[in-house]
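For reference, the structure discussed in these notes is given below.
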Amino acid sequence: MKKNKSSVSFKETVRFALRGFKVWWRENPQILLSVLICGVIDALTPYADIWLLARLIDEIAGGRDPQMIKVYVLALMSTTAILTLLCAGLTRWKNVQLACLWHTQNKVFMEKLLSMDFADMDDGHVQELRSRIWQNTDSGGWGLYKLIYSFDAIIRSVMSIIGALLLTASLFILPVTASDGLKILNHPVFIFLIAAVMFGITFAAPLLAVKAGSYWVKYADENQLGNRLFGFWLGNLGNDRSKALDVRIYRQDILSRNNLKKYNPFIPTSKLAKASKGPMGGYRALSGAVSQVFVGVAYIFVCLKALGGAFGIGSIVQYVSAIIALSGGLSMLIETLGDLRNNTSFLRTVFEFLDLPNKMEKGGTRVSQNSDTGYEIEFRNVSFRYPDQEDYALRNVSMTFHAGQRLAVVGMNGSGKTTFIKLLCRLYDPTEGEILLNGIDIRNYNYHEYMQLFSVVFQDFRLLSFELGQNVAGSMNYDCDKAAQCLRDAGFGIRLDKLPKGLATALYKDFDEKGVAISGGEAQKIALARALYKDAPFIILDEPTAALDPIAEFEVYSRMNQMIGEKSAVFISHRLSSCRFCHDIVVFRRGSLIQRGSHNVLVNDKSGMYYKLWNAQAQYYEVEEE
Ligand SMILES: Nc1ncnc2c1ncn2[C@@H]1O[C@H](COP(=O)(O)OP(=O)(O)OP(=O)(O)O)[C@@H](O)[C@H]1O
């Protein structure tokens, strides 16, 4: 399994950072613009004050011209007021943009998830990438998120350095005029040495901080499981209504908490915590201490030069403030570049995920009916293995299925029935062999057009907490008469008449407190109505009546022929008696198609699987009847 790799080149750092900025720019250019403009103005503002203040102090201490003092005071006050107001306005603009960062980032990932191939949802590597991205962002703000704060820091530090350099340059040039030992301060070697010490300290502090930050990268992979369990227990378990019953009956909360205890990265004995107390904390503390040494050196140097008569008292304020700002700017820049480098391994994970190709969407052939035979499907030597699985779920399946046909698919649990349907609908592509529609491999067809051929009710279908009519139509706007008719055909008519707002009634209460709770059987009827509404040429029903009461089931089957009309239908059920409306039955066993024929033919083949399955159920009904 590929992890957050820690070795990163400079070129890679720049490449990934630029890609990340492009994503933000595409999503919302205002984020970058506000950070840029606000950063420039905000970073330069103090220097105007420092410069004017220095001139004012010089005037008070030197010339003492009341007119000039007045001019400097007014200039200082008005510049400060204007720049403060401007900064406040820009900061507000920036903060509004930053408030959307989290959502904007989630939108990028959600759009990818919703558009990726269904097969990728099952792929262990894809799930791993997904999980790592959430965790990296959650635990340290790493990934796309971090880039914006790095950008902010880069702008501020660069501007700060430029401003400080302009104000500090003369510090090294202005000579000491006193005739005593302070003259050494004018010596080029001394100037070089003092500048070297200052730069050395300036670089050392952020490098130590970056070293401390690198422990996040080092332990990111190790903390992954613990982080996931933490998120599951604190963020998901209690919120998920579908788990609420089992949590209570089987105390799954205790199970989850104990699992978290075992792997929790946020306890004092975890590796990350030990590193924080040990080297990671040590590097951070050292970085802070070194910065303070710099401040001391700067003060001594500036004061000695002032003592030697190189400049007036006002300039002490200017130089000390500017030199500290210069050091701060340089430190911030180096630390941010180090962070950017550390962030690259997290960005690599982000782009590995965002770059996952949609392999299904390659074909361009338009889907059309054959004028004689309509739609004819053929499975030709199809075998299939789920992603990351050793065992085949389907093995060498060959069969043809004609338009208008009603096909029942039966077999024991895990024999491959649902997998057969998923391949037919092209949710997965075969590992071996091919599936043909009217003689053409289905991979050659336009993917979205091909998907339009199927209306499916899966075993684990899901309805959304929106209006009933929207659920049936799968869209915001719908044909009310058609939606109501489909619901009646699916056996939901009586319940529909009782709903307070009819088709406009919200299902469940997630988005509407007046939403209605529906039973499992009612939900299944709505799912059936949804399949009917789509009106696709193939209707596929995987255990469509498993949750229905016997009367409702009887009613659905009585109307089945009328509901399906001229469409082709594939029907999976363990209740073999309900498969009898199908002309044709295929029997699966351990992924292979082992029998095919009508009910009458199969039930008379006493050595066959169908006979066994049929008799197992018939026996049960006989006992019940007795
Ligand atoms: N997403 C998946 N990833 C990996 N293996 C899977 C996945 N879905 C199903 N399988 C495996 O593939 C095999 C066939 O499963 P499938 O769901 O097609 O069986 P089925 O005949 O529909 O079973 P049932 O009657 O219980 O619904 C099983 O061994 C199952 O464990």
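Using the three backbone atoms N, Cα and C, a Cβ is placed for every residue, glycine included.
Computed over the domain 'ABC transporter' (377-615), the whole-number mean pLDDT of the model equals 91. The domain 'ABC transporter' feature in TrEMBL is assigned to 377-615.
Per TrEMBL, the feature transmembrane segment maps to 31-57 (among others).
Taken from TrEMBL, the feature transmembrane segment covers 69-91 (among others). Sequence-distant neighbours of the transmembrane segment (69-91) (same chain, 6+ residues past either end, Cβ-Cβ under 8 Å): 34, 37-38, 41-42, 45, 48-49, 52-53, 55-56, 59-60.
Away from its own ends, the transmembrane segment (153-177) comes close to residues 35-36, 39-40, 42-44, 46-47, 50-51, 183, 185-186, 191, 195, 301-302, 305, 308-311, 318-319, 321-323, 325-326, 328-333, 335-337, 339 of its chain (Cβ-Cβ under 8 Å, at least six residues beyond either end). TrEMBL lists 153-177 (among others) with the feature transmembrane segment.
Counting same-chain residues at least six beyond the ends of the transmembrane segment (189-209), those with a Cβ under 8 angstroms from any Cβ of the stretch are 172, 283-284, 286-288, 290-291, 293-294, 297-298, 301, 323, 326-327, 330-335, 338. The annotation transmembrane segment is assigned in TrEMBL to 189-209 (among others).
According to TrEMBL, the feature transmembrane segment maps to 285-304 (among others).
The transmembrane segment annotation in TrEMBL covers 316-334 (among others).
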- Message: For the transmembrane segment (316-334), give me same-chain residues lying six or more residues beyond its boundaries with a C-beta closer than 8 angstroms to one of its C-beta atoms, as numbers and ranges.
- Response: 43, 46-47, 50-51, 53-54, 57, 153-154, 156-161, 163-165, 167-168, 171, 198-199, 201-203, 205-207, 209-210, 291, 294-295, 298-299, 302-303, 306
- Query: Residues sitting near the transmembrane segment (285-304): Cβ under 8 Å, six or more positions beyond its termini, same chain?
  - Reply: 171, 182, 185, 194, 197-198, 201-202, 204-206, 208-209, 212, 316, 319-320, 323-324, 327, 331
